[in-house]
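A quick write-up on the structure given underneath.
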C-alpha cells in the first residue's frame, strides 16, 4: 500500500447519487495502468462496511461537495396552501393598516385646520415644531400612525407557526400506529412545513411495486422454451394443456433429477426418469443457469451470526445459503433456481460458482452489463467451464424480445401476457454465444467505454446496444409481488375521503390492471376506459373524444381510466385539456408503462390545472423521486428498494396503509390546528389594535397610545401566545378513532375550507366587533367621566387603556378556550395561567416605580383599576358580551347546518356521556348496565356507520339474553 | 469500521399518553343542550345584577352647574367676557346660588368638569418630567426635553414643574356657603381638600426636592415657575404637606384624563354639621374665575355628587347588564325553538337511515 502511486481523475461533484465517472491511473514500475471507476466503486457518505474486515479508500468528495450534501441542498422549497392563504390575509391586513394610517393622517389635518384644536393655549408647540415643513410633518405623522397600528400585522404569527410546525411534527414520528414492527421503522418527517397539507389532499399518486405491494418477490411461474411451468410446493410442474401426455409433463424435472442422488433438492422425489430428451435438458439447464448467473446477488458470509440481517435477507433452508440482492426480483429468481437444483454458491474474485445438481461448476465472470432503467435489462458475460463465452441477458419482455433472433418467441410472448394478466411481474431470459473474435472486440470496446471520461454513459450505452443483440430466447419468469396489508381498505378509504387515487407504474398494462383490480383501485362495477397503444396524434385525439363521449353516455357512477406511457405523452403533447377533463371525471386512473420523468410530468399537469388541486405522491424507489419532489407532498415508503425515495420525500412511512392515519388523523388535526391558529392570530391582533385606532378619534389624532409600551410589547409575546400554541399542538376536535374510521370527514376540510375568505371575514369582523365592545364598553363606562372609585377619586387615561387591555386579554384568551375541544391539563394550565400571569405581572409592574423608566405612567394604575367595583362588573359584562355573540353563532351553526364532523362529535359525545352515566351507578347495577350498554354501543356504532345493521342488532339482543342467563 | 448492531425495536416510539396524543382530556361541546341552561341562568343573573346596579346608580344624586358664562346665563358671564382674549384673565369672582329642598345625603364630593380640553393629546400628555416630580434634584435643574416649550423660562431658568400639563394647572377656586336660616347669613361649609389625589401619587410618586436649610423655597432656588402661574410652586399652599409638588390640586391635575370631557375631584364635604350631607337650605358657591376655556370652546362645570361603592352616578352599567341579560334570555328562547324543531328533524333523519 505504501508503494502505491496512483492518480484518480473524476468528474465535478454532482447531486446524482447513482452516477459517478472517473478513472484511476496506477503507476507501477514505470508502467501506467488505467482502471475505470464507476458508481459501484464509490462509497457514499454514511455507508457502512459489511462482511468485510477492512478496505482502503480515498476520499474523493468532501464536505459540501459530497453527493449527500449536494442532495440536501438541491431540495426545492415547498409551501403549503395554508401558508399561501396566510400571505393573502397578510396583504389584506396590510391594506387595512395603511388605510387606517391614511384615514388618521387625513382626519388629523382636517381637525387641526382650526387653531383651537391644533394649538390651544394650554398646549403650545415649540418653535421647531411650528417651523417644520408641512409635507415633512405629514409624512412623519403618517409614519407615526403606521408605527402605532403596526401591531395589526401579526409578526409573531410566523414565529408561532414555525414553532407549531416543528414541534407538531414530532407527533408523527412518535405515533405507534405509524410504526412498523417487522422492520423497526417509525414514520419520519423530513419537512415539517407541510403538516397541514396532509389534510388538504385531492389527488394521490402512488407507485405500485413496493408501495402498494410488499416488494417481496415470490417465484411463481416460468416459461421455458415455450412451455409453462408452475412452482407448487417447491416443485416445478408443467402447466396447462400440452400436446404431450400428462406423464410427459414431468419430463423436465425427471431429466433434471436423474443426475441427482442426494436428497438435497425438493425435486429429488422424481428420481427415476428415462435418460432421454437431452436436448430439452440443455435448454432448461441453460435457462436456470442463466437465471442463477445473470444477477448481482451476493452471498452472505455471516450466515451464522444471523442477527444483523438486512431487511431482505432470508434463509432458504437451515444451513443453506443466504442471498443479498439490491433487487428483490433477482433474489427470488436465484432462490427459485436453487430450489430447482442449480444453486448459486458465490462469486470469488472473478468466478461464479454454481452447483448444478450437486456438481460444482465454475464460470468465469467476464463482464457485467449493469441494469439501467432505459435499457430495462441487464446481462453478464461468462466463460463456461467448457471455455465458451456466453452472454446471458435478463430484462423486461419489451426490451428482450425485439432483440431475439431465436427461441420460442411467439409462445413465450403469449405466456408472458398470461403471466401479466395474473398480476405477475415478468422477465425474459435470453443468451448469446460469442466466438472468440467477437468477444475480443466486445472486450476492447467495453474497456474503452468504461475508461472514457467524457460521454461515458453514451458510449457505454452504444456498446451495450452492440453487445445485446442477436439473442436466443430461453424463456420467461413470472414473479409474484404480494399486495401489502390493508391496501384495499386504504384505497377505499382514500376514495371515500374524496381523494382521487392515481396509480403510476412502470409495469405492463395487463399486470397493472390486474393489480389495480386486486387492490381495489378499480372496481368490477367501474366503467374502465382505455387509452393505450396510441401511435399517432390523430388516433389519440379520436380516442380521447370517444372516451369523453362514453363518459357522458354510459350511465355508470364511476369511471376508471387506463393510460400507458406512450399514449400519455401523445395525449399530453397535443390534447392536454381534453385529457385532463377526462381524468378529472374519473375516480380512478391507472397509468402504466411510465418512465420516472413522465410520472413527475403527470403530477405537474394536475398541479397546474385550473382547480390547482393539492397532490400527494407515494413511492418507494429511486424512480419515484422525481414525482415525490414534484407533488405538493411527497411520501416515501421505506421499503426494499433503498432509501432514496424516503430521503427525498417530505414524509417517510413504512407501509402504504399508514397513509390513512397520516392523512385522516394527523393531516386533519394539523389542518384544523394551523387554520385556527392563523385565523386566531389575525383576530387577536385586530382586537388589539382597533381600540388604539378608535382612541385617536378622542385624542385629536395625536398618536396617543392607549396602552403602555410594555403592554404593547408583551401582548403577543407573553399574554396571549401560549394558549394558542398549546391549542395548535394538542387540539383534537374529534376523536382520532372516529376520524380514521370515517374518512368522509376529511371532505369537511377540503379546499382549504377553514381558511376560506368567508371564514377569514368572520374572524376579522369578530375581531373588529370585539374591539368595538372593549373600547366603547369602557368609553360608556367612563360616561361623562364620573368617578368609578368608592372614594370619589378619578381615573386617568392610562387606567382607561389598561381597562381596555385587561378586558381584551381575558376575552382573547377565553375565545381561544371556546375554540378548544380538547382540554388536557396543559391547556388548563396555559389558558388560566395566561390570565393569572397577566394579573400578577400587571400588579408587579404597576407596583414599583421603575428607576430606569423615564415615565412612571403605569404606577399603581392596575391596582387602582382593580379596586373599583364598577370595573369588575364592566370587565365581566364586556367579556360575556363579546363571547356571547360567538357562542350563539356556534350553537346555531351546529344545530342548523351541522357539518359531518360536528355530527360525529355529537355522536361521540353521547357515547362518552352514557359511559359517564354508568360510572355514577352503584357497582352492582353498573356491571349489568355496562354490559348492556357496551353491546348497545356496538349496535349504535354499526347502525351509524353501516346501513344494514338489523341482523347484527338481532344477534346482539340474542347475545344479551345469553349473558343474563349466565348471571 | 464496526458494524453496530441495533436491538430489535430500537426505533419503536415511546408508548406514553403524550406521544400518542392520548392525554386525558375534557372534551366539552358547545351544543344547545349545554348552552341553553347556561344562557337562561346567565340571562337571569345579568338581569338581577342589572336591576341592582341600576337602582344603586339611581340612588346617587348629582347637582351640576355650568359656570362658563357663555350667553350671559349667569353672573359668571361678566368674568367670561372680561377674560375674553386675555390669558391669564384677571381675578374675577362670581357666584352660583342653589337651594336644596331636602338633604343631599353625604358624603358629598365636589368636582369640576372641563369639556373640550384634550389632556389626552399626545404632545400634551408627554409634556411632563416624572423624575423632576419625584424630587430628583438633577431633574429639577435639567427638565426633560419632552417639557418643551415649557422646559426653560425666557430667562433660561429651568421651569419647575416643567411641561404643558403643569403649566395649564386649573386655577379656579370654589368656596361653599350655606344660608342656614332663610334670609340669614351665609356660613362657610368646610371643604376637605385632602385625599382628593391617589394615595400613592401623593405619598410616593410625587415628592418635593430635599429641603435646603429647612426651606422649600431655597430648594427651588434657581428655577422658574411655569409661565402661566402667578406664584411659584412652593407657594401653592401654606400647608407644608400640601405645597410644592405634593400639592393635592396639582397632583390631581397631573393625572391626565382619558377623554376630552373630564372631571376632577376638588373637595370632599364631610366635616362638622355636613358629615351626613348637605342639609336643606340655600347655598352659594363663590367662584374665582381664572381659567380660560372659551378660546377652545370648552365648558366649566361644578358638580356636587355623592358616591356609592361603585362610584358616581353611572346608569350605563345597570342598563347594559339589563340589555345583555334580556338578550341572553331572548336568544335562549329562539335557540330552544330551533333546538326542538331540529331535534325532531334529526330523529326523522335517523329513522330514515
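Any Cβ shown, glycine's included, is placed from N, Cα and C.
Whatever TrEMBL says is automated annotation, not expert-curated.
According to TrEMBL, the protein carries these features:
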- A:207: active site, 4-aspartylphosphate intermediate (ACT_SITE)
- A:207, A:208, A:330, A:371, A:394, A:425, A:505, A:506, A:507, A:593, A:599, A:623, A:624: ATP binding site (BINDING)
- A:207, A:620, A:624: Mg(2+) binding site (BINDING)
- A:646-899: domain 'P-type ATPase C-terminal' (DOMAIN)
- A:88-111: transmembrane segment (TRANSMEM)
- A:142-161: transmembrane segment (TRANSMEM)
- A:662-683: transmembrane segment (TRANSMEM)
- A:760-782: transmembrane segment (TRANSMEM)
- A:794-818: transmembrane segment (TRANSMEM)
- A:830-853: transmembrane segment (TRANSMEM)
- A:859-885: transmembrane segment (TRANSMEM)
Two-stretch contact, the transmembrane segment (A:760-782) and the transmembrane segment (A:859-885), at least three Cβ pairs under 8 Å: yes
Near-B candidates in A:330, A:507, A:599, A:620, A:624, the binding-site residues, by Cβ under 8 Å: none
Sequence-remote partners of the transmembrane segment (A:794-818) [C-beta within less than 8 Å, at least six residues beyond its ends]: 680, 683-684, 687-688, 691, 695, 704-708, 711, 715, 719-720, 723-724, 727, 770-771, 774-775, 777-778, 781-782, 785, 787-788, 831, 834-835, 838, 842, 857-858, 861-862, 864-865, 868, 871, 874-875, 878-879, 882-883, 886-887, 890
Neighbourhood of residue A:330 (ATP binding site) by C-beta distance under 8 A, where only residues 6 or more apart in the same chain count: A:295, A:296, A:297
Other CB atoms within 10 A, centred on residue A:207 (active site, 4-aspartylphosphate intermediate): 29
Inter-residue Cα distance where the pair is residue A:207 (active site, 4-aspartylphosphate intermediate) and residue A:624 (ATP binding site), in Å: 7
Long-range Cβ environment of residue A:505 (ATP binding site), under 8 Å and at least 6 residues apart: A:207, A:208, A:209, A:512, A:515, A:590, A:591, A:592, A:593, A:594
Distance, residue A:620 (Mg(2+) binding site) to residue A:507 (ATP binding site) (CA atoms, angstrom): 15
Mapped DSSP class for residue A:394 (ATP binding site), helix or strand or coil: strand
Inter-residue C-alpha distance, residue A:394 (ATP binding site) and residue A:620 (Mg(2+) binding site) (nearest angstrom): 23
Cα-to-Cα gap, residue A:599 (ATP binding site) vs residue A:620 (Mg(2+) binding site), nearest whole Å: 13
DSSP-derived structure type at residue A:505 (ATP binding site), helix or strand or else coil: coil
Contact set, same chain, for the transmembrane segment (A:859-885): CB under 8 Å, 6 or more residues outside the stretch: 766, 769-770, 773-774, 777-778, 781, 788-790, 795-796, 798-799, 802-803, 806-807, 810-811, 814-815, 818, 842-843, 845-849
Where residue A:620 (Mg(2+) binding site) sits in the secondary structure, as DSSP reduces it to three classes: coil
Model confidence over the domain 'P-type ATPase C-terminal' (A:646-899) (mean pLDDT, whole number): 92
Cβ neighbours of residue A:624 (ATP binding site) where a neighbour is any other Cβ within 10 Å: 31
